[in-house]
Amino acid sequence: MSDSKEPRVQPLGLLEEDPTTSGIRLFPRDFQFQQTHGHKSSTGCLGHGPLVLQLLSFALLAGVLVAILVQVYKVPSSLSQEQSEQDVIYQNLTQLKAAVGELSEKSKLQEIYQELTQLKAAVGELPEKSKQQEIYQELTQLKASVGELPEKSQLQEIYQELTRLKAAVGELPEESRLQEIYQELTRLKAAVGELPEKSRLQEIYQELTRLKAAVGELPEKSRLQEIYQELTRLKAAVGELPEKSKLQEIYQELTRLKAAVGELPDQSKQQQIYQELTDLKTAFERLCCRCPKDWTFFQGNCYFMSNSQRNWHDSVTACQEVGAQLVVIKSAEEQNFLQLQTSRSNRFSWMGLSDLNQEGTWQWVDGSPLSSSFQRYWNSGEPNNSGDEDCAEFSGSGWNDNRCNVDNYWICKKPIACFRDE
């Protein structure tokens with residue numbers, strides 16, 4: 001056997017402490033692998049385990065650091081890209097704003113209008129082509145008809161003349177003349193279809209002017225209303241030009257009407273006749289008609305103003321006992337006459353008016369309702385139904401509603417009694 005000794009293998013001596021340092025140092029010899037034989041090889045492999053773990057840890061740490069650095073470098077690049085995109089958007093908005101600002105120009109408005117027109121046609125709001133043509137033709141015909149009418153000022157003047165003619169209405173001429181005028185108007189209505197042509201309008205206007213000058217007073221009011229309605233219907237029938245034969249017939253009727261009106265008595269003569277009839281009637285009433293003692297005569301009626309006082313119901317009875325009524329007012333003249341009598345004597349006096357049957361609905365004792373034209377005779381703020389006031393009285397310069405159980409003076413009314421000496 002040889003005396004030389006083989007060096008001992010120290011499997012766990014990979015790391016040795018350097019006495020000059022406080023840390024652990026690696027020596028080159030530690031990385032030299034020594035060949036072992038037999039059971040010593042497994043022990044050497046176990047000695048290299050911690051080194052492998054350390055290497056893996058260093059590799060993982062390095063990978064994490066690299067990833068962080070990459071992200072850090074990417075952030076400025078992303079921010080720069082976003083900034084550039086914002087710049088592009090801002091530029092687009094600026095251009096859009098400038099384009100909108102130019103919309104007010106006439107050319108842009110025209111373009112918009114054309115687009116809207118095309119849109120309307122596309123939506124289907126316009127009628128089909130055949131209907132458009134029909135509508136256009138109707139409008140053309142309407143325009144042509146309107147163009148043939150006389151000018152507005154002349155039509156207005158004609159209407160004013162007819163209004164003045166109506167205002168000139170007075171009383172009834174003799175019956176034969178009335179019948180003749182009525183027949184002429186009837187023929188005129190039947191003959192008229194539509195207005196004559198514009199050239200004839202002036203002639204008709206002149207005829208109406210002469211007719212107005214010749215008219216003194218038209219027939220009585222009831223007949224006048226009928227004639228006015230006929231003239232209104234005649235106006236409604238106005239349209240376009242009638243045929244020549246009908247036009248001739250219209251002129252003939254106007255001529256007859258003018259002749260009939262020309263024979264009427266003038267207005268001054270009619271007024272004189274009316275005045276004479278009024279005077280004659282008054283004289284007859286004074287000579288042949290009498291009111292009872294203590295009664296006052298006015299316009300064909302007799303009035304009794306009491307000197308004592310009663311409530312409203314007893315006043316009604318008192319008038320009935322003498323063949324009269326608690327006064328029922330029929331005209332403004334009668335109201336003025338009675339108001340003057342009561343105001344002179346400074347007496348509150350009952351009249352035959354109440355709303356006993358229905359609150360707010362005033363009615364005379366003869367059953368007739370209070371005319372709306374008489375509402376102006378109430379004193380200011382009356383009737384107010386203060387304290388169940390249902391009966392009307394003369395009070396001062398007007399009417400007042402008062403409680404029916406209050407005692408007042410009263411006024412009776414009855415027609416005058418006329419007689420003949422035998």
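Glycine too: its Cβ is placed from the backbone N, Cα and C atoms.
Remember, it's a predicted structure, so these values are computed and weren't measured experimentally.
Under the heading topological domain 'Cytoplasmic', Swiss-Prot lists 1-49.
Swiss-Prot lists 50-70 with the feature transmembrane segment, giving sequence analysis as the kind of evidence.
Annotated topological domain 'Extracellular' per Swiss-Prot: 71-422, in sequence order, evidence recorded as sequence analysis.
Summarising the annotation, Swiss-Prot assigns repeat '1' to 108-130.
Feature annotation from Swiss-Prot assigns repeat '2' to 131-151.
The repeat '3' annotation in Swiss-Prot covers 154-176.
The repeat '4' annotation in Swiss-Prot covers 177-199.
According to Swiss-Prot, the repeat '5' annotation covers 200-222.
Residues or ranges marked as repeat '6' in Swiss-Prot: 223-245.
According to Swiss-Prot, the feature repeat '7' maps to 246-268.
Summarising the annotation, Swiss-Prot assigns repeat '8' to 269-291.
Among the features that Swiss-Prot reports, disulfide bond is placed at C288-C418 (among others), with the record citing sequence analysis. Counting every protein chain shown, the number of other Cβ atoms lying within 10 Å of the Cβ of C418 (disulfide bond) is 12.
The annotation disulfide bond is assigned in Swiss-Prot to C291-C302 (among others) on the grounds of sequence analysis. Residue density at C291 (disulfide bond): 18 other Cβ atoms are found within 10 A of its Cβ, drawing on all protein chains shown. Classification of C291 (disulfide bond) by DSSP places it in coil, neither helical nor stranded.
Per Swiss-Prot, the feature domain 'C-type lectin' maps to 297-413; the stated evidence is sequence analysis. The helix, strand and coil residue counts that DSSP assigns across the domain 'C-type lectin' (297-413) are 30 helix, 36 strand, 51 coil.
Within 10 Å of the C-beta atom of C412 (disulfide bond) sit 24 other C-beta atoms, taking all shown protein chains into account. The feature disulfide bond is assigned by Swiss-Prot to C319-C412 (among others), with sequence analysis given as support.
Sequence-distant neighbours of E382 (Ca(2+) binding site) (same chain, 6+ apart, CB under 8 A from its CB) are G398, W399, N400, D401. Taken from Swiss-Prot, the feature Ca(2+) binding site covers E382, N384, S386, E389, N400, D401.
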Whole-number Å value for how far E389 (Ca(2+) binding site) lies from C418 (disulfide bond) (Cα to Cα): 39
Mean of the pLDDT scores, which run from 0 to 100, over the topological domain 'Extracellular' (71-422): 73
Additional residues surrounding Ca(2+), by Cβ distance to the E382, N384, S386, E389, N400, D401 centre under 8 Å: G381, P383, N385, N402
Which of E389, D401, all binding-site residues, has a Cβ with the fewest other Cβ atoms inside 10 Å: E389
Disulfide-bonded residues compared (C302, C319, C391, C404) - highest count of Cβ atoms within 10 Å: C391
Packing count at S386 (Ca(2+) binding site) (other Cβ atoms within 10 Å of its Cβ): 11
Distance, C302 (disulfide bond) to E389 (Ca(2+) binding site) (CA atoms, angstrom): 29
